[in-house]
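Asks: What follows is a structure written as structure tokens; I'll ask about it next.
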């Protein structure tokens, strides 16, 4: 069930949410936002516990627009509408919505409401996740550092009348020109040096414009994307998708279906992109795609230079209408393809461009039906030969050269790489299969064992018995490609069809480029054997399935989308008066549990969590202090943590054997307080900057949710230190000067841009589909808490044992095996200090020690998102402490959605090479689109980066599982 968060404060008075924010990036001016329930103007609903009325949050252009919009996105509940007025908006951070349903985000029209994120400190414009029944309509989003409008892990999603775009390099979109600068057209004649495009791209543009991922029941209707450095309209790892009446132009890829199941696109236009449409599967992701239909679309003049910064799309040849790669059950019909200098349709496989070794994935396209399309002017201007790419075996980059060499210097309307697999003896995997007999792997399934290479083509075999009959003959047409009833109106000099036979015959050219190979007596026979298949075959009759086999492939069924109905009932929202009354209660020195359960108090002191309301670092009101070994890096902040549980309750022990994301299960009413402070040991001062609360609340229907509340410390007019609720977050200038208690290292430095996340960003990191909804705790896991702590009442003790002894924790193992010298529990899980060599029990600075420590650091700092239930689940890169170090951990894994964040590097971790690995680049970057983690720090953690580099350069090698990175097939491969 997706939690709606109804029953808690939902913005009854938005000014309360941002009162007294003193830091840059926050504003006290909320005059430009109106919050009204239906049937009233600006009054807060006085409903108490009655059913809540839907509200309209109206956001106006102006200085407070960012603050107002952040609040509205965080507070939106079922039935609410967030409405941006006409005009130009300049946002300083992205807008995040989580864990709600039935919300509409709208503007005054895609040509009238323009939301710019040019100055944003986060990657996405909109980030909407775990939401059901969301509609985004009638607006334009421009110049996001990363993705435009991303909707993740959501159901019943509608984008309608929406544009995402990045400014042309010569015409930035701004308040003075937005009404004209958002409009571009594609020239009628093919793009060339003599007929240049009016739009100038930048490889620093964001990756994806319209971006639903791991979503279901998604409708994209009349959307437009322009200038994406990867794909303009991109649907990834999703189910049941319709794209219609839309346009993509001046992107690298106009539209993409990636690893998506049951998708349909019709009545769309792709023009002036590098490639119009891509339907493909990437390896090592959460699911694999099938059933896509592309019909009644236009692909024209997609000859734009490729400006992608990295990833597989950076290797896409310009001048392509449609590319399919390793995707089954695709129907392409009644489309118009015109003016593509390489080819209208390219059918490729991972055998040709390089197998990444994901044995759950079939690397070939089958059950592809291309019928009743029209083709005009294809393959007329192939790019100059890239002999260097050929010499280096880089088939992806050299693909147009290979096509031209094998096809008389020209392309074709339809180009097939001509490779496919033969029968093998691989065992049938123990996973479900579809009605075609194909195994239906998910990304979490164990990868099958390597069963050899029967074809001798350099590609590991996969189970494929379902493709062949009892005589080992391929089943046609069900496991074939059908090309029928198309209209070819003229491609001067270029054939209608070209089967290029893979790389066969290119050995001779390779010998010319590298004559030393002729000294190998086994090489020349291969050269001679390949020559008969060097030239492309232009005969398409084997693909005229009805004529050849008496039947053809069936049409794909139309996609049907579920509809959304707003749920009835729900709790009312407290009024301003009720909030003030609950927060002002005199609880006679006790914690204000009632207020914690119901409302978000604007002053931290109202909850009475600390006996000294000006000092959140000590003397808590019945709270238990705790600490972690390796911690999340936050610009060298010192952190003070306390957990408060209602009297008579206890947490339940959970560890990684249950779930890699499992933290302690805390009772309802629990509050976790974490204060971020900056220490100057020379001056003997500690500057408390922010306190974050996580509160476990329960709705009247029994729904549980963790609410995250950020409080910023400031000095009031009387010189008193107070912490004010600031759901909009902020920035602060801070400095630090202290000696680390564990490593002994002195840390000194400062930053003017320490970032305090807004309330929605708390959920971005803490939300996980494996845990309770909202901002569920990350740190309180046995492996993080397994360390000594100096308690006021017990002296030095193991934290877990202390909790057990004081009835704060149930369900822990009876024998923790606490070492009386180290106070470490030896019989349960533990992550070592990343900066203390040998702390995990291995010899200091040995390979095992380095790996153990960096893995601990990566879990704490990265795995809260990079896990199967986290915000980065769609990447297929998972960094929990228990996972085998293989492709899913980044070894030789190609990036999924990195864009400029890849720096053009080929793999997340390239064994033995820091300079070719994406992970250290991102950890060492402060660029908004590239840096990792994406929030919570403004300086690079040099100690951790040094350890990561040491591990990649000197420990990880090709002997690791999946450690032989694919660089494309050898030019000696023969089909």
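The count begins at 1 with the first shown residue.
Cβ atoms here come from the backbone N, Cα and C positions, even for glycine.
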Asks: Checking feature assignment: region 'Disordered' per TrEMBL, candidates 34-53, 54-73. Which range matches?
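Replies: So the range that TrEMBL calls region 'Disordered' is 34-53.
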Asks: Can you check which of 391-411, 412-432, 433-453 TrEMBL lists as region 'Disordered'?
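Replies: Comparing 391-411, 412-432, 433-453 with TrEMBL, region 'Disordered' matches 433-453.
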Asks: Which bits of the chain, at least 6 residues beyond where the region 'Disordered' (433-453) starts or stops, bring a Cβ under 8 A of a Cβ in it?
Replies: 284-288, 290, 328-329, 358-362, 367, 424-427, 459-463, 465-466, 478, 868, 876
Asks: May I have the DSSP-based helix, strand and coil counts for the residues of the region 'Disordered' (433-453)?
Replies: 0 helix, 3 strand, 18 coil
Asks: Can you check how the pLDDT averages out over the domain 'Right handed beta helix' (125-280)?
Replies: 96
